[in-house]
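What TrEMBL records for this protein:
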- 430-883: domain 'GPI ethanolamine phosphate transferase 1 C-terminal' (DOMAIN)
- 441-462: transmembrane segment (TRANSMEM)
- 482-499: transmembrane segment (TRANSMEM)
- 505-522: transmembrane segment (TRANSMEM)
- 569-585: transmembrane segment (TRANSMEM)
- 592-610: transmembrane segment (TRANSMEM)
- 616-637: transmembrane segment (TRANSMEM)
- 649-669: transmembrane segment (TRANSMEM)
- 729-745: transmembrane segment (TRANSMEM)
- 786-804: transmembrane segment (TRANSMEM)
- 824-847: transmembrane segment (TRANSMEM)
- 859-879: transmembrane segment (TRANSMEM)
- 891-914: transmembrane segment (TRANSMEM)
Amino acid sequence: MLLFFILGLLVHFVFFGSIFDIYFTSPLVHGMTPQFTPLPPPAKRLVLFVADGLRADTLYEFDENGNPRAPFIRNIIMHEGSWGISHTRVPTESRPGHVALIAGFYEDVSAVAKGWKENPVGFDSLINESKYTWSWGSPDILTMFAKGVGGDHIYTYSYDAESEDFGAYDVTKLDTWVFDNVKEFFHAARNNQSLFSKVNEEKIVFFLHLLGIDTNGHAHRPTSREYKDNVKVVDDGIKEIVSMLEHFYGNDGKTAFIFTSDHGMTDWGFHGAGHPSETLTPFVSWGAGIKYPQKVSAQKFDDAFLKEWKLENWKRQDIHQADVAPLMASLIGVPFPLNSVGILPIDYLNNTDLFKAESMFTNAMQILEQFKVKMTQKKEVTLPFFFTPFKLLSESKQLNIVRKARSYIKQRKYDEAVSLCKELIHLALKGLSYYHTYDRFFLGINVVLGFVGWTSYASLLIIKSHSITRGVSKEVKKPSHLLPCSFIAISVLVAFFLLIQDCPWTYYVYCLLPVPIWYAVLREFQVIQDFVLSLLTFPPSQLVGYLFIFTLGIEVLVLSFFYRYMLTAGLIAFACWPFITQLWTRAKSISLSWIFFSLLLAVFPLMPVVGRKPDIFLVMGAGLLVLLLSLCVVTSLIKRKDRFINEELLLHLFQMLSIVLSMCVVYTTHDSLLKKQGLPLLNQIISWITLASSFVLPLLSPTSLFERLFSILLSSMSAYLLLSTGYEALFPLVLSCLMFVWIRVEQETLQQLSVSYKQKATSLQFTYSPDITQFRQLYLDDIRRAFFLVFFLVTAFFGTGNIASVNSFDLASVYCFLTVFSPFMMGALMMWKILIPFVLVMCAFEAVQLTTQLSSKSLFLMVLIISDIMALHFFFLVKDYGSWLDIGTSISHYVIVMSLTIVLVFLNGLAHLLTTKKLRLCGKPKSHLI
């Protein structure tokens, strides 16, 4: 069984990774020739301000007193420059956002493996093309553009990473540090001849990365006073820097300024997906080469932002984030970044029509170069008779468009030239996308074959192990050598086909994986045949009915990712389940408990999602309820047992003390952060000790079913309270109560089927290992049990306020453990918070398997089959077109359901460890009689 789970785990890792190879591989190509405009640029220098995490609405809106939130920027919009909204793409993270702004291409998703801090593939950028660049800000961002760049023309000045503390008294110091250091730099330049000559060169860039707004957003949320006040600090700082630069350069009119953001932020202080609050960022430019404000009487936009921001009369010009890179390159006359896919927004340029036409022609040639290289690369690794070129942009059409555009420029037909260049750019971008996704259908077919094959094989294992087809066919045929020889030949042919096309190693994995899987399936042809014959013995109406119910259940699970209230509907249906079975008549008290806790749990999916305000009193209330329940349980155990062992009593008391400490830590930490006094060191130490002990303490408890599960609940709750900010603290408690009832319900249900059962659930030991001959045969009701588990696991995710998105997190959850920004550590803590309810469900599932006398392998296989069917459903729903909200949501769904399937294997092992293993203190052996 262990070998099977290892193989299953590897197969699911392949399925999980396939989405990134099929939909989100690196878009970068190399080998292009640099392209630049042959005319003198309007600016000698460029100043780029990036306010990390700033939403467009927060910058442009008015404050509570009716005054502009950023008066200097509004004055620029109305009197000096041009403005609009910059539309970002997923993933809306700092690193990929800056890559789009400065390098002009959208994120390679494989960079997630490096925490967004590096790009897995080298790339060109505006900073690399500049003569000199000076940058100030976060070390995470600045080093990314300096790393691996030849020469010594890039200078970075950054503060320590420890300064990025969400619990600090005033994180606006991250921005004031940048402004102060820029001022000191230019003050030093006046007294340093070498530096003075460098800052007076042409084609130079000053990059100011301002992280305070993002940090305040994470710590206090974008609707907070701290976030909005930080915008004012940035506005004042930019005003001072602009004034200082104009004075330093003697108002020579050769400085171009750009102010924007890398991404926005959700109302709950997170980013990463495609919600408009994350993808709509401000863009304001002014200075050399930039158009002055244009007054208009009407503008055509679908949103109501112009009226809200009182900017109806100032022309708004929206751009895509990648368009900023070619704009900056054209302003200072450096080559366009080689990998840029941005389209020059010429409406921002204040220059001659000739300059605009030449710049757009340069932009078109730069993107066409990428198209040519991409086509050549794909052609070289594809057999001639299999290669299908992009027909909309043949070589002859390329030459025709380029010649015609150049002819229009010579004839001074600049508008026609610009229009033709835009057409060439759009065709080249379509061609790039075509070759980038050239193998998508081929890879998708192979992954689907693997999915279907694996699900079929898992089903056959269940059928074989329970002799479901027994009595249909007694003839056993000798295995033929034809089948293995055929599959070996197929493997050789597939490998040879991939080898001569010089395909990446991952292609071998996706294409060869289905071969052994389907061989394992087809070698059981006799079992398949017998199973089909046994199905034919069922009445057709009954068979269709079962199939309909199963399909309906899967669809409810799928729909719950889109509509959380579907879980509520499902739990209400669960509450009605005793009435349609004999359970209500046989065990009314258990049925009433099942109905009560099902309906109580059904409330949670209807509660507000992430983004709600913290409510520490609900966390305190949850802690008090756990303590009250603990007192009742301990009292019951003392009365039930003739002698309650001191060690067991001490363990329960210690776990109760952990709950009390967790409540105190949550309350005092919340109070300290409100006063902006940071995270108390003692609280931090207690939190980490509590978290570590929550893995060990359950192993010290007795292995009797009820006591071990209750010990797991207490330890989990002590850690969960530290990670809670509101009503979700109550969720594990209600879920666990339902799990305890579920165990009793399954035992009662099994007795209704006339299955002999000798022991009560209260007397069962998790260490009890029945002989394999005692395992009963599979019933249809066992499919229902597997479905219940998957449903409870999905409820465990959505019931705590999560949404089906990769940004379904609230950083405030980890503030009892750390407040200094650490993406991997914070991510690990938030993932553990999500997994705690999963662990509770899986531990209960261990008990269900024990009480129902069914092989754990069979039940777990059914769970995997249901999960894989869901995963395949979401695989077909993944898309890379449409709105970025839709794209991000489709990715999130697949990632979540595949992660659930993979994590299930780990959780099954963890639950088995937590329920069956026993640690002994001081070497005292104990015997637990069954």
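Glycine is no exception: its Cβ is also placed from the backbone N, Cα and C atoms.
What you are looking at is a predicted structure, and each value in this text was computed from that prediction instead of being measured.
Counting C-beta pairs under 8 angstroms (sequence separation of 6 or more), the transmembrane segment (592-610) reaches the transmembrane segment (729-745) with 3 or more such pairs. Within the same chain, residues 4, 8, 11, 14-15, 18, 21-22, 468, 507, 510-511, 513-514, 517-518, 520-521, 524, 527-528, 778, 857-858, 861-862, 864-865, 868-869, 871-872, 875 sit at least 6 positions outside the transmembrane segment (441-462) and bring their C-beta atoms closer than 8 Å to a C-beta of that stretch.
Using a cut-off of 8 Å between Cβ atoms, the transmembrane segment (729-745) and the transmembrane segment (859-879) share fewer than three residue pairs, counting only pairs 6 or more apart in sequence.
For the transmembrane segment (891-914), same-chain residues at least 6 beyond its ends with a Cβ under 8 Å from one of its own Cβ atoms are 5, 8-9, 12-13, 15-16, 19, 23-24, 90, 273, 561, 698-699, 708, 712, 793-794, 797, 804-806, 808, 835, 838-839, 842-843, 845-846, 856, 860, 863-864, 867-868, 870-871, 874-875, 877-878. Outside the transmembrane segment (505-522) by six or more residues, the chain places 11, 14, 17-18, 21, 439, 443, 446-447, 449-450, 453-454, 456-457, 460, 483-484, 487, 490-491, 494-495, 498, 528 with a CB less than 8 A from a CB of the stretch. Distant neighbours of the transmembrane segment (616-637): 644, 648-649, 652-653, 655-656, 659-660, 662-663, 666-667, 670, 707, 710, 713-714, 717, 721, 724-727, 729-730, 733; these residues of the same chain sit at least 6 beyond its ends, with a Cβ under 8 Å from one of its Cβ atoms.
Per-residue confidence over the domain 'GPI ethanolamine phosphate transferase 1 C-terminal' (430-883) averages out at a pLDDT of 84.
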